[in-house]
Each structure stands twice: as C-alpha cells, then as structure tokens.
Amino acid sequence: MHDESTATDTGLEAEQRVVDTLYGRLDTLRDEAQARLGDIRRQGPSGSPQNRSERDAFATLYEDRIAQLDAVEDRLCFGRLDMTDGETLYVGRIGLSDAEHAPLLTDWRAPAARAFYSATAAEPGGVMNRRHLTTRGRLVTAVEDDVLDVEALRTAGREGTLAGEGALLAALDARRTGRMGDIVATIQAEQDAVIRAPMEGALVVQGGPGTGKTAVALHRAAFLLYHHRERLASRGVLLIGPSRQFLRYIDHVLPSLGETGAVSTTLAGLVKNVTITGVESDATARIKGRSDMAAVIKKAVRERQRVPLTDQTVRLDGRPVVIRRSDIRDAQARARRDGRPHNEARASFAKDMIGRLTGQLAEQLEHVEADDRRELEREVRDSRPIRIAINLCWLPITPEQLLRDLFSKSHLLDDAASTLSRAERDLLLRPASAPFTDADVPLLDEAAELLGDMPSGAPRRDASELTSEEVEYAKEVLETFGSHTMIQVDAETLASRMREGTARLSVAERASADRTWTYGHVVVDEAQELSPMAWRMLSRRCPTRSFTIVGDVAQTSSAAGTRWWPEAMDPLFGGTWALRELTVSYRIPAQVAQTAQSFAKAAGLPVSELSAAREVADAVAYHRVDPSSLVSSAIRRATHRVATLAESGGGLVAIVAPEQIHDALQEELGDARVEIIGALASKGLEYDAVVVVEPAAIASRAGDLYVALTRPTRHLDIVHSEPLPRGMGA
Ligand SMILES: Nc1ncnc2c1ncn2[C@@H]1O[C@H](COP(=O)(O)OP(=O)(O)OP(=O)(O)O)[C@@H](O)[C@H]1O
C-alpha cells in the first residue's frame with residue numbers, strides 16, 4: 001500500500017517516511033478545516049436567522065473536526081500489519097485517506113484492524129507480522145516485530161526482529177502522570193473481545209484490580225461511537241464514573257481516541273442543582289438503595305394530591321360555591337388518567353375544578369351566554385380563596401422539597417412508607433436542614449420523574465421529535481454546502497443542531513442539560529457500587545437497555561452496592577445480560593497481587609482469579625512502627641519513594657490512610673509531592689508507589705482495604721502499628 005516501504009524494510013527510516021506522510025495528511029486536513037471555519041466566521045453574524053443557524057451548525061461541526069484532528073496528534077500511528085497475501089496496512093487512532101481517497105491509515109476500530117489485537121501465533125488469521133511503532137512527537141523511535149507466521153515470513157524473504165510482548169511491558173512500566181492514558185497500541189486479546197462485543201443488551205465485565213476495566217470501557221465507548229455512528233450520533237453515549245476526581249483522571253482518553261460524543265458524569269451529576277455533602281449510616285443508605293423505595297416515593301407524590309376533610313363554601317359576589325370533596329376526588333382521578341407527572345397534570349386538575357365551580361355559579365343565574373360564562377370562569381380563577389383551596393389539593397413541588405419534607409416529617413413518612421418497619425422509618429428521619437447524601441440521588445431522580453417540570457418549566461424537545469421537514473431541509477443544506485464529505489454529518493444531526501437555540505450545542509451538551517434525555521448506550525464504571533434504585537435511575541436513561549457495565553464485586557464499598565452480579569442484573573435485564581471476565585492485572589506487580597488476594601480471600605471477599613502481567617523486585621514492604629511514630633514513618637516512606645523515583649524520571653506517590661489522621665499527615669508532610677487520600681477516594685486511581693497506613697483501621701470495610709492495596713504500579717509500603725489483618729504479612 002505504501003510504495004516507500006518495500007517488503008524488506010525493517011528499519012526506522014522507512015517507517016519514519018510513512019509516519020511523515022501520515023502527519024502531512026493530518027496537517028492538510030486540519031488546515032482545510034481551519035480554512036472552512038475561517039470562511040464561515042468571516043461571513044459574520046449577518047443574514048436571516050435561518051442563515052445564521054446554518055452557519056452556526058457548520059461552524060460547530062468544523063470545530064469538532066478540528067478538535068478531533070488535534071486530539072490524535074500524539075501517537076497517530078502505532079502499528080503495522082503485514083499480511084500473508086502481501087498486503088500491508090498501518091493502524092492508528094483514526095482512519096486517513098489521501099486526496100484520491102486511497103487509504104493511508106486504518107482506524108483501530110475498523111474490522112481490518114482487528115487482527116492487530118487478536119492475531120496470535122496459534123491463530124495468525126492471515127497476519128504474517130505485527131509491528132509496533134513507538135513514536136515520540138512525530139519521530140519514530142523504535143519498531144518491534146511480533147512474527148506470527150514464521151514460514152510465511154521466510155518464504156517472503158523477511159526476517160523480523162523478534163520482540164514478543166515488549167511494547168506492552170514498556171507501556172506498563174511507564175511512569176504514571178496522574179491522568180489515564182489510552183491503551184490503543186497494546187490492547188490485549190481478552191480485552192479486545194470485550195471492546196468489540198455487539199452493542200445490543202447488557203455486557204457485564206468483571207475483573208480484579210488493574211485488569212483494564214476502565215480502559216476497556218472507554219475504548220468500547222469509542223468503538224461503539226465509531227461503528228454505530230448513525231444510532232449514537234443523535235442520542236450520545238453516557239459514561240458514569242464514581243467521582244469527579246475519577247472523571248478528571250480519565251477525561252482525555254475518549255477525545256484522544258477521536259471521540260467527543262460522550263457525556264461523562266457521576267450519578268449525582270445527572271441530577272441538576274443539588275449539592276451532595278451529607279453522609280449517613282450504612283443502614284440508612286442500604287434502605288434508601290432498596291427497590292421498594294420506588295413505591296415510597298410514588299406514594300409520597302400521591303400524598304401531595306390531597307382531599308380536605310370537609311367541603312368548603314366560598315362566596316363570590318354574594319353567591320355561594322361549594323368546593324366539594326367528591327368533585328376534588330373526581331377531578332384528581334381524571335387528571336391522573338393520562339399518566340402525566342404530578343406538576344404537569346396539575347393544570348388539568350385546576351381547569352376541571354374551575355369548570356365545575358363555574359358550573360355551580362352558572363346554575364344560580366338564568367340564561368348564561370358564552371361570554372358571561374367566560375366572565376364567570378375568570379372570576380372563579382381569580383378568587384384567592386379558590387386558588388388557595390385548589391393549590392392545597394394539588395401543590396406543585398420540587399423533588400428536593402418533596403424529599404426534605406418526607407424525611408423530616410414523621411407523619412408524611414408514616415403515610416408514604418407504611419411498608420417499612422418502624423425501625424427503618426426511624427433510620428430515614430432527619431432534620432429538614434440536613435444536606436443531601438449520595439443515597440438520596442436516585443430518590444431525587446425518581447421524584448423528578450414522577451413530578452415533572454414545575455409549571456413555569458419550558459416544554460422540552462429533543463432530537464427524536466424532529467419533524468420530517470426539518471430533516472429534509474437539513475439534507476438540502478448539506479447538498480448546497482457540498483462539503484459534508486469532510487465532516488461526515490448526517491441530516492438528522494445537522495437538523496437538530498440547526499434548530500433554534502441549539503445550533504451551537506453538541507449532542508453531549510444538549511443531553512447533559514436535559515434530565516429526561518435518553519442515550520443510545522450507557523457505560524457504567526465501578527458498577528458494583530450502584531444500588532437497585534441507582535440502576536432504576538440509569539435504566540430510565542436507556543430504554544433500549546444497551547449497557548456496558550464494568551466493575552469488581554470484591555471492591556464494593558457502598559452499603560447498597562452489589563457483591564453478586566445476578567442480584568443486581570437479573571431484575572434489570574432478566575436473562576439477557578452476559579458476563580465476561582478479565583483475569584490479568586496490568587497495573588499491579590505480581591507480589592502486590594499476591595498480597596491483596598491473600599487478604600481478600602481471608603476476609604471472604606468474592607475475588608476473581610488474578611494474574612499479574614509483570615514482576616517488580618521487592619514490590620511489597622512491611623514496616624511495623626510504634627503508634628506514636630505512625631504518621632512520621634508514613635511520611636518518611638513516602639518521601640523516600642519520591643526521591644528514589646526521581647532518580648528514574650519521577651513518578652506519583654500517594655499515602656492511603658484512615659481519614660482521622662489526614663490532617664496530621666498533611667501537617668507533617670509540608671509541601672512534599674505526595675497525595676494523601678482515603679481508601680474510598682482512591683477507587684479507580686493509580687500511582688507509581690503507595691504507602692498504606694494502618695490497614696487494620698481501613699479493613700473495617702474489607703473492600704476498601706482491597707482497593708487501597710491495589711493502587712500501586714510499582715511499590716507498596718505498608719506502615720502499621722496495630723496487628724495486620726488476616727492474610728497479610730511478610
Ligand atoms: N492492554 C493494555 N496495555 C497497556 N496498559 C494497560 C492495558 N490494559 C490495562 N492497562 C493499564 O493498566 C492500568 C489499570 O487499568 P484500569 O484502571 O483500566 O483497570 P481497572 O480494572 O479499572 O482497575 P480497578 O478495578 O482497580 O479500578 C491502567 O494504567 C491501564 O492503562
């Protein structure tokens with residue numbers, strides 16, 4: 001395919017020529033997109049609103065395209081496949097073709113690139129040689145060959161530099177930067193099978209610490225966005241992570257894979273305008289996570305549709321109107337009939353009641369013309385006592401207020417949660433001023449679903465409601481502009497972007513602004529932490545039930561989380577979900593894996609088998625110290641690691657310790673470059689070296705200690721004054 005690289009080329013120079021061509025093409029595409037964007041911007045804000053909206057839509061698409069081309073700059077090309085049939089193809093972050101549409105670079109997600117990840121010597125699948133290209137900036141610094149079909153190679157007269165797993169091990173040994181990198185150059189076969197699994201249904205990926213679940217989940221999102229562009233372009237992909245810190249850690253992986261159409265957030269991030277600062281007991285969180293809380297919230301909303309104890313008479317211009325309980329009951333039943341949420345159905349109830357009361361007035365008069373009737377109706381509507389009476393029977397309410405009232409007023413809780421025991425209800429009670437907690441998030445969302453928008457809320461529109469005219473018009477615009485081959489946009493996407501007010505919003509932006517948005521696919525990381533109520537909340541966001549769920553049931557720390565996948569998945573997906581396991585840890589050295597596994601087994605955690613991809617000499621060290629010197633010893637170990645890592649290019653060091661000693665550690669640490677973190681917060685993160693302090697204190701939740709022990713890529717120091725938990729020790 002590349003004339004420059006002859007069949008006998010094995011050296012860097014030939015590869016450098018190919019890589020130069022690829023970057024040259026990338027620069028050209030970027031310049032073209034910049035020029036077009038410049039043209040559009042130069043046209044300025046003039047023209048009809050229609051013209052402006054077309055221009056805005058195209059400007060956004062070119063901006064996205066430029067961002068995509070910028071994001072693939074680093075390691076644009078990382079592999080080459082030589083096939084037994086003589087074909088050669090280069091594999092990279094995105095696909096590139098030359099000006100005559102001849103392919104130059106194959107996107108890693110394209111079917112043709114699959115062999116780069118899945119071919120083995122036992123099953124070469126037509127691959128003679130797989131070559132890893134290592135680059136720094138635009139410079140090729142190394143090539144390594146992985147010969148899969150020696151016979152074919154000999155016949156072709158080529159002898160490669162046999163390199164085996166060098167590229168993977170080099171990637172694993174690289175120092176950590178505090179931000180997750182992509183693994184696109186070294187995806188392993190068991191990971192590749194998960195990344196490329198079909199999109200339909202739910203795929204659960206169980207794997208021990210460091211087996212690449214997060215990496216695989218992100219690459220799968222990029223793979224699905226690439227392969228199901230039509231379906232996912234308009235609906236987007238939702239990615240749920242455990243914390244803001246975690247999202248920052250992973251946030252540039254997707255763009256660097258060439259994808260910008262995903263919304264990454266936490267569960268709490270899906271519920272707008274609510275600050276979560278409260279903490280509560282495990283027992284309370286467990287109750288709130290149970291699926292029977294859905295019925296409690298439903299009942300609490302229903303209780304807001306009240307019927308007074310007696311009929312009430314109001315006088316209008318001296319004439320009596322009776323607000324009858326029977327009318328209220330009847331009007332409420334009718335308003336509920338079409339299934340709209342509480343706040344939205346309220347208008348029907350109020351209208352019905354006003355009609356009935358107007359009827360009563362009209363009956364007291366003779367000959368009421370239509371105009372008179374309208375006048376009477378206005379009088380009824382404007383009457384303050386009537387407005388108050390109607391409001392009391394069906395009060396609009398926000399989810400936050402509903403929950404605040406429910407958990408602070410025991411009579412409301414008794415009514416709504418009569419299925420819960422007295423003791424359980426007592427656990428739920430708290431002052432009205434108490435801050436919201438993580439376990440409240442799915443309850444707030446459940447309430448928001450049943451309550452709907454407050455009366456002033458603007459009606460929502462989304463892409464699925466696009467009219468056929470809008471789509472037709474977008475097609476015409478595409479034809480007129482004639483430039484869509486470059487930005488590959490479909491008419492639907494363009495139409496939804498051209499719609500007034502959304503022209504400059506991407507799918508991700510519109511989706512994250514709309515609580516009721518439904519996504520094309522949902523990826524959940526650290527999924528073992530989710531309660532049944534949290535799963536309910538997520539399943540609402542993907543009615544097609546297309547999920548990638550990654551987690552480790554041995555690392556569960558949330559009281560309402562799961563320790564057994566079928567328990568969480570069966571109620572949601574019935575028998576249609578599939579389980580895959582990842583078994584090799586790419587993060588932790590063998591000795592760390594052995595230490596963590598031994599503790600986890602002794603603590604009865606449901607650990608899966610785990611082997612480590614590499615060995616690091618003396619990876620684990622125990623330090624027994626006096627209680628009075630616990631803090632200073634931990635600091636000494638950590639700063640020693642910082643110093644020794646600095647000799648080999650630096651690295652990240654963390655102290656994972658019980659929260660009670662964080663302040664003392666911070667004080668003694670000064671400004672040394674060491675992160676102090678709790679076991680829970682360290683979930684999903686990784687460091688070159690980790691000092692775990694007082695494991696016995698962390699082990700009150702065994703899953704938390706298991707998480708803490710499995711964060712380092714190179715060194716684990718354990719500093720303790722109390723006896724070690726069972727399963728640990730030199
Ligand atoms: N095929 C691979 N090539 C290179 N690095 C890899 C590969 N697979 C995983 N890694 C690296 O291993 C480390 C652990 O990966 P990741 O964080 O995805 O694991 P995890 O299973 O989510 O771990 P945990 O359960 O502890 O959160 C990361 O640094 C990741 O980049």
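Cβ coordinates are placed from backbone N, Cα and C, and glycine is handled just like the others.
Marked as ATP binding site by TrEMBL: Gly207, Gly208, Pro209, Gly210, Thr211, Gly212, Lys213, Thr214. Annotated domain 'UvrD-like helicase ATP-binding' per TrEMBL: 186-589, in sequence order. The feature region 'Disordered' is assigned by TrEMBL to 35-54.
Taking the mean position of the Cβ atoms of Gly207, Gly208, Pro209, Gly210, Thr211, Gly212, Lys213, Thr214 as the ATP site, the remaining same-chain residues with a Cβ inside 8 Å of that point are Asp552, Leu582, Ser585, Tyr586, Arg587. Within 10 Å of the Cβ of Gly212 (ATP binding site) there are 26 other Cβ atoms, across all protein chains. Within the group of binding-site residues (Thr211, Thr214), the Cβ with the highest number of other Cβ atoms inside 10 Å belongs to Thr211.
Summarising the environment of Gly208 (ATP binding site), the number of other Cβ atoms within 10 Å of its Cβ, over all protein chains shown, is 28.
In the three-state DSSP scheme, Pro209 (ATP binding site) falls into the coil class. Under 8 Å, Cβ to Cβ, and six or more positions away along its own chain, Lys213 (ATP binding site) finds Val205, Gly207, Asp525, Val550, Gly551, Asp552, Leu582.
Under 8 Å, Cβ to Cβ, and six or more positions away along its own chain, Pro209 (ATP binding site) finds Asp552, Gln555, Ser585, Arg587, Ile588, Ala596, Leu610, Tyr706, Val707, Thr710, Arg711. Counting every protein chain shown, 28 other Cβ atoms lie within 10 Å of the Cβ of Gly210 (ATP binding site).
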